[in-house]
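Student: Sharing a structure here in structure tokens format.
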Amino acid sequence: MQVTSLLILVCFIAAFQVFSRASSPVNCKWDSYGPWSECNGCTKTQTRRRSVAVYGQYGGYPCEGSAFETQSCKPERGCPTEEGCGDRFRCFSGQCISKSLVCNGDPDCEEDGADEDKCENVANPSCNIDKPPPNIELTGYGYNVVTGQGKKRVINTKSFGGQCRKVFSGDGKDFYRLSGNILSYTFQVKVDNDFNYEFYNSSWSYIKHTSTEQNTFYSWKGLFSHSRNTYGHGSAKEEIDTKMKSYKLLVVQNTVEVAQFTNNNPEFLQVAEPFWKELSHLPTLYDYSAYRRLIDQYGTHYLQSGSLGGEYRVLFYVDSGSAKETGFQSDQDNACSSADFQFLFTSSADQRCMKQLETEKSTSGNKGRLLRGKPLVRGGDSGFVADLSFLDLDNPAGNKQRYSSWAGSVTRLPQVIKEKLAPLYELVKEVPCASVKRLYLKRAIEEYFDEFDPCHCRPCQNGGLAIVVETQCQCLCKPYTFGSACEQGVLVGDQAGGVDGGWNCWSSWSPCVQGKRTRSRECNNPPPRDDGKSCLGETTESKQCEDQDLEKLRLLEPHCFHSSLAPKEFCLSPPALKDGFVQGEGTMVPVGQSVVYACDEGYSLIGDPVARCGEDLQWLVGEMHCQKLACVLPGEMNGMQSHPQKPFYMVGEKVTLSCVGGMSLEGPSTLLCGSSLKWSPELKDAKCVQKATSTPPPAAPACQPWEKLQNSKCICKMPYECGSSLDVCARDESRNKILSLTICKMHVVHCHKRNYTLVGKESCTLPSPAEKVCGACPIWSKCDAQNGKCICREASECQTAGYRICVEVNGKEETMSECEAGILRCRGQSISITAIKPCAEEAAQ
């Protein structure tokens, strides 16, 4: 990838700069430490961080020591990984996976294999092959676009996700099984036999050209950093001699591809277990220090797609002044094309370009017939890299052989090249308060980028470009200029002229005024002068006082926010709307917040759908009503069913009626939706009646809810056949172990003669109520069609009652259905289930 090579190039360029006495060195200085973070309930530690107050520049020293400090502490909150997983399987680590992956023959719990730990046997293994493609783990690493380096693994490349997808190896000798996180994987070797050769009259030109080709947001924010993956040769004396010079560049490059891959969409990716743990440990109160540590370990992005292979790139440099004296000019003057330089690897030579390279060789201090450069190589055996640092002008076959040796090793030791990236915050999921943490990680990455904004640097002279490298600022100089501040040399040609302006850093955000905050910046780093260009962009910026996304999450997930930040005053439930409802309605809404109304299916809202909670705790509601648009059938049809079944029917549509359960229909069998939005004939004229039979069939036995009918007999259900049911704590008396069950499962295990006793809810950790999507609503909630999520039912809306149980509410026991109890719990009311059957008084009647 070009970004990485540019990162390494800057390190290479920095090695050949010298800091002139004309610019006084500026040493890096740390700012004071910030406050300690909240004590982490999992690690029992807290951290604090200090930022750079003054970046080192002009040869000054970098900051010493770490930006972070850690100490042990006593947490006030528990560890999120100790919580339950609802209806999913919980690995020993705390990570949750789908129950469909349990006992399928594949260890989908990445670190402990708990999903296969207690399986007596696996009747049908999900696949007959378990070998993944070689080096597949490379596709799951994080990536830091600021440093240009790969980081720790963020995607679980070992999980097959219960799938059996195979791919044939490139050499046709073997099959491999693909990870469930891989969308596509192809073994296709691509070797470009034609090398690419490019001349640049300065490192400045090279950076400008390559960043323009990248055309990405990070072209300037993420191009500059030290890298330890480069290989250089030459003594300290040679480096000191060359630091006082300005250079031209010849870049020779090529790539080798072994395989191509595309990762799945983020919502379908299973994150690596160590990364998942770190996400779980992140605080729900924004603390940049904690999120910054995650960025340091796992990067800013993850791999969306790319190739496994190797990249060969060598930079050859020539002193600009010597080149001018000896007649070696830029490619515009001597016009050596890529084809003209093939003589470096083939026997056919171009004398004009040979002379050009001989000039470069002599001016850059190379002796004999060897042309030395700086190899920037990714992939392949590192033992071959030293041989790639030079070209023998008299032995093109030897040059090609050394390259071929390295290229041949790429199949064994590939790296990811030609990668496409996606933001890391997309992978924040399957942890408590994931939506809040995702928003905070996005904010932290933006703040991290700001740390490397060149606005922190002092201006470079002669139009040089200031860049941030770790805790130091460096100047990238224009052609024929050099020095620590680019103060030496002379600008020539179209580079000469005035000084363009540069932005200073943004100010802090102002206090909140009329619902908005503002900040500003100045074009004075440096200010434009001598007809130089002014800065592009705005001098001021404004935003809402409260992040709208954060405010929405504060309502949907109030448990994710510190109690001191919670609103203190609320309006009661908003007024009801006939044939309509409030989207995402809670029991209480904070002052200043708004709710939005919507209409039932078959109705359209006329008027202003927004109501606001006023400061007087009264609802400010405009005129609105729901207007009927179609014919609607009632929810209860007394044994009748309709075909086709639809939420509503437009004018002219017909519906056919029939009866269920051996009943026969009396009255009209077909209804028409008329122009008045009424059924013709009327639905009340149709009804279902019992058929007269001479010999009624023998009645099937009436099974209990925890039983099922099999071969005309009632037998006990299995626990996995239970549907939606309330969670309770139960003690297994045979093992004296307390665990979480549901009311349905307790009835089932009792049916199987297992001795389980109901205990208090404080005796175990019950699964936290997770937000459900439509299609998975429990019996005490219903689907909100507007946002596709489940909301609490009203007590009168219970369609499936569940078991009759004994519940203590406000200190008094009463018998109610699971649905009724679930509605109370859904609405936040504290209840205690004292018996899984009706209360003793009612049971005795």
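Every residue gets a Cβ built from N, Cα and C, even glycine.
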Student: Going by Swiss-Prot, which one of C11, C73, C79 is joined to C42 by a disulfide bond?
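Tutor: Disulfide mapping in Swiss-Prot sends C42 to C79.
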Student: C39 has a disulfide partner in Swiss-Prot; which of C11, C63, C73, C85 is it?
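Tutor: Looking through C11, C63, C73, C85, the record in Swiss-Prot gives C73 as the partner of C39.
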Student: Candidates are C512, C523. Which one does Swiss-Prot pair with C535 through a disulfide bond?
Tutor: C523
Student: Which of these, C473, C475, C477, shares a disulfide with C457 in Swiss-Prot?
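Tutor: Between C457 and the options C473, C475, C477, Swiss-Prot records the bond with C473.
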Student: Mind checking which of C11, C63 has the disulfide with C28 in Swiss-Prot?
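Tutor: The record-listed partner cysteine is C63.
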Student: Considering only the disulfide-bonded residues C473, C626, C751, C792, which residue has the minimal Cα-Cα separation from C486 (disulfide bond)?
Tutor: C473
Student: What is the total of other Cβ atoms whose distance to the Cβ of C673 (disulfide bond) is within 10 Å?
Tutor: 20
Student: Going by Cα-Cα distance, pick out whichever of the disulfide-bonded residues C473, C751, C790, C792 is nearest to C571 (disulfide bond).
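Tutor: Comparing Cα positions, the candidate nearest C571 (disulfide bond) turns out to be C792.
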Student: Using DSSP, would you call C626 (disulfide bond) helix, strand or coil?
Tutor: strand
Student: With Cβ-Cβ distance below 8 Å and at least 6 positions apart along the chain, what are the contacts of C473 (disulfide bond)? List them in sequence order.
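Tutor: Residues satisfying the criterion: Y55, G56, Q57, P454, H456, C457, R458, A466, I467.
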Student: Take the C-alpha atoms of C792 (disulfide bond) and C28 (disulfide bond) and report the distance between them in angstrom, rounded.
Tutor: 57
Student: Based on DSSP, name the secondary structure state of C751 (disulfide bond): helix, strand or coil.
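Tutor: DSSP assigns C751 (disulfide bond) to helix.
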